Amino acid sequence: VHRICFALSFFHIILALSVIGVHDTRSKRAAIQNGWWGPKILLWILLVVISFFIPNQFFMFWGNYIALIGATIFILIGLVLLVDFAHNWSETCIEKWQESDNNKWKYILVGSTMAMYIGAVTLTGIMYGFFAGTGCHLNQFFITFNLVLAAIGTVACVHPLVQEENPRSGLSQASMVIIYCTYLILSAVVNEPSGIENECNPLKKSSGTRTTTIVIGALFTFLAIAYSTSRAASQGKALITKSDYHPVNTATAIPLTTNSLNGLTSNKRSDALLAAVESGYDLTPFQFCT
């Protein structure tokens, strides 16, 4: 697994380095991001093959340090994208509610927020009941720390200063972040190695539970990647600051593909690609690298 991940990460690092500073579709290097699929696939396969000839000692270092740092960055990026999604979800529900006389969207927004808070409290209670017994100081610390941060986040999102800066901020956004962070803590204690505080993990011998957590984690990973490509990479809103924004001269831009599609689908794709150029091509491979 580490060898495949190393090859994939190194592949996207190469792509990121090759398109640094590209903010214009007229740049020759822009074709590296939007085309050359054959050479890129061959390069990735070559890197995978080469990775199997690298000594195991390197991947022990890679797995214990480099991959751990990358996983941390991925979680942070996931949180940023989750906050962005939460804002979109909340604003969509509010707009739908205001545009119609039907209170359905209000109930959906309030109900989903309450459900996520109830879920977070329930998961926290389960962790305290099964994974934070006597002597399980590490588990107790992280569960309590997450609970304290959840309380701080809940208060902060409705604080007058925050509301003055961002009137759209509310409990809906906080609830998504809280339940996701609670899930991460639960996943950590459930998958606690059997050699560390065995009495703190009653499910250490349950392969079914571990399989479930792996499937859920993989599902969220795929969803995060899909959302990052459609939202952060294409529209450049979640991870791009104003100082990093460079408008694209659409009047002088040239097509990014050799075969142009007619109709609405082609226009949407062109708009998405132009928006990606505005944010900088090098950000997209970096996200995939993590």
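Sequential numbering from 1, following the chain as shown.
Cβ atoms are placed via backbone N, Cα and C, with glycine included.
As annotated by TrEMBL, transmembrane segment applies to 6-22 (among others).
Nonlocal intrachain contacts for the transmembrane segment (42-59), taken as residues 6+ away from its ends with a CB within less than 8 angstroms of a stretch CB, comprise 2-4, 6-8, 10-11, 14. As annotated by TrEMBL, transmembrane segment applies to 42-59 (among others).
Here TrEMBL flags 65-86 (among others) as transmembrane segment.
As annotated by TrEMBL, transmembrane segment applies to 107-131 (among others). Remote same-chain residues near the transmembrane segment (107-131) are listed as 89-90, 93-94, 97, 139, 143, 146-147, 150, 171-172, 175-176, 178-179, 182-183, 185-186, 189-190, 192, 200-203 (criterion: CB distance under 8 Å, separation of at least six residues from the stretch ends).
Residues annotated as transmembrane segment in TrEMBL: 143-162 (among others). Beyond the ends of the transmembrane segment (143-162), by six or more residues, the same chain brings 120, 124, 127-128, 131-132, 169-171, 173-174, 177-178, 181-182, 185, 189 to within a C-beta distance below 8 angstroms of the stretch.
The annotation transmembrane segment is assigned in TrEMBL to 174-191 (among others). Outside the transmembrane segment (174-191), and at least 6 residues removed from its termini, the chain residues within Cβ reach (under 8 Å) are 75, 78-79, 82-83, 85-86, 89, 112-113, 116-117, 119-120, 123-124, 126-127, 131, 139, 142-143, 146, 149-150, 153-154, 156-157, 200-201, 203, 209-210, 213, 216-217.
Annotation source TrEMBL lists transmembrane segment at 211-229 (among others).
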